[in-house]
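Input: a single structure, listed below in structure tokens.
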Ligand code: UDX
């Protein structure tokens, strides 16, 4: 099949490369000349484990190429995927669809013969209908169908998520498109092909509903973590006991500083807005959004509480900046709010992340960038672990302690083993359980005072 992928970002590049690996002829298009030139030179502009090899192999096989021009590739294409960004509109939190509609018009103008336009980007329910209206009214002579095929790729695991999907959702309202989409994905050659066909609007909502539910599930265990600290329970054990129930499942029950990334924050907000527009407010998701935003801020105050209530003039080390491990993505990362609170409190903040340092420079304030965890620990009054990169799980603890001015470690991902840390003389502040080390007798101030509670929806 001849496929064009419009947008060569996290979703477009992975989807395009993996579709080429299925044997299709794929052209990834992007308006950024720099990005296209980098890709044509064999450089991959995003951090995604395994992607570089998939791209290299399929470029070498002649199945994958990159272009700044979409006219030629679209004219020859059977299917054109739209994988451009749909960021939150700052003014009202709705998804900004300007890039989607611009791409749709350019595709229609260039299309020849029957062409399926596939929305791969996460788009609000009804976007496919609007694109179809544009085609019908502005390009009546073109034979184009519109299909929804939302992505369910996790950054850092995107290639395996593409190759072994739990489901491939296809929202199609006509037979020709359905058959073409089946042909595209049949090549996955999975025993149980998880192709799920439904109406287009249903497919669009499945994406939002899935992300909103996962975000709510994470927020649920984060609230349980706070309660555990008061009750003297252990949130990791609560999560394990819950997850043994197959109806609940053990995934996405890891308590942390709040969810970040380019999807959950944006998609939960967009879904809330859509529901409000239809006068069917989603109170559960509205609350999820508010709790999550406040939690990220509260984590900074948690570090301050662990430093006798003030970090003014103190050196605080931050391990991990990206919104999750195995990515370089800083979008909505909890570290941003945490570091802002520490800087506002007068701390001297030193940071390290295995992959996110360059992206962090664009969003963090006056922090000091160090080359590794041990430099971050040098003279530190406290260290806070924000992102659970594997390399932080095997640190030389005696060396770390010797480097620190005071051995206080605030672990926001429960990466460290309490017994081990206490054995090495650390004062460990875990998440969702009462600190056992010789921790200054002070309740952890992480409840959000009413005057500080921020609700992005009000
Ligand atoms: C998510 C969805 O998982 C994916 O299906 C969708 O296509 C895109 O959005 P992604 O944002 O890449 O993927 O990362 P994900 O692994 O879902 O984590 C999102 C956030 O939730 C991260 O900040 C992560 O730290 C946090 N998280 C995740 C938790 O705090 N606890 C968990 O148990 C899982």
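All positions are counted from 1 along the displayed chain.
Note that Cβ sites are derived from N, Cα and C of the backbone, with glycine treated the same way.
On its own chain, residue 263 (active site, nucleophile) has 122, 211 as residues at least 6 apart in sequence with a Cβ closer than 8 Å to its own Cβ. The annotation active site, nucleophile is assigned in TrEMBL to 263.
Annotation for residue 86 (NAD(+) binding site): spatial neighbours 95, 96, 97, 99, 100, 121, 122, 123, 266, 270, criterion Cβ-Cβ under 8 Å with sequence separation of six or more. Annotation source TrEMBL lists NAD(+) binding site at 30, 35, 86, 122, 155, 266, 331.
According to TrEMBL, the feature substrate binding site maps to 152, 153, 154, 155, 207, 252, 253, 254, 255, 256, 260, 324. In this structure, residue 154 (substrate binding site) belongs to neither helix nor strand by DSSP; it is coil.
Look at TrEMBL and you will find 317-418 tagged as domain 'UDP-glucose/GDP-mannose dehydrogenase C-terminal'. Secondary structure of the domain 'UDP-glucose/GDP-mannose dehydrogenase C-terminal' (317-418) per DSSP (helix as H, G, I; strand as E, B; remaining residues coil): 34 helix, 18 strand, 50 coil.
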Practice task
List nothing but the largest Cα to Cα distance in Å, as a whole number, among the residues 152, 153, 154, 155, 207, 252, 253, 254, 255, 256, 260, 324 that the record says bind substrate.
Solution key: 23
Completion exercise
For residue 35 (NAD(+) binding site), the nonlocal same-chain Cβ neighbours (under 8 Å, six or more residues apart) come out as 8, 45
Exercise for the section: Could you tell me which three-state DSSP class residue 35 (NAD(+) binding site) falls into? Expected result: helix
Fill in the blank from the handout: Given the binding-site residues 154, 207, 266, 331, the candidate whose Cβ has the fewest other Cβ atoms within 10 Å is 154
Handout entry: Listed in sequence order, residues with CB under 8 A of residue 260 (substrate binding site) and six or more positions away
Key = 296, 323, 324, 331, 332, 333, 334
Problem - Chain-internal residues, separated by at least six, CB under 8 A from residue 152 (substrate binding site) - result: 161, 165, 166, 167, 169, 207, 210
Exercise for the section: Determine the Cβ neighbour count for residue 155 (NAD(+) binding site): the number of other Cβ atoms within 10 Å of its Cβ. Expected result: 25
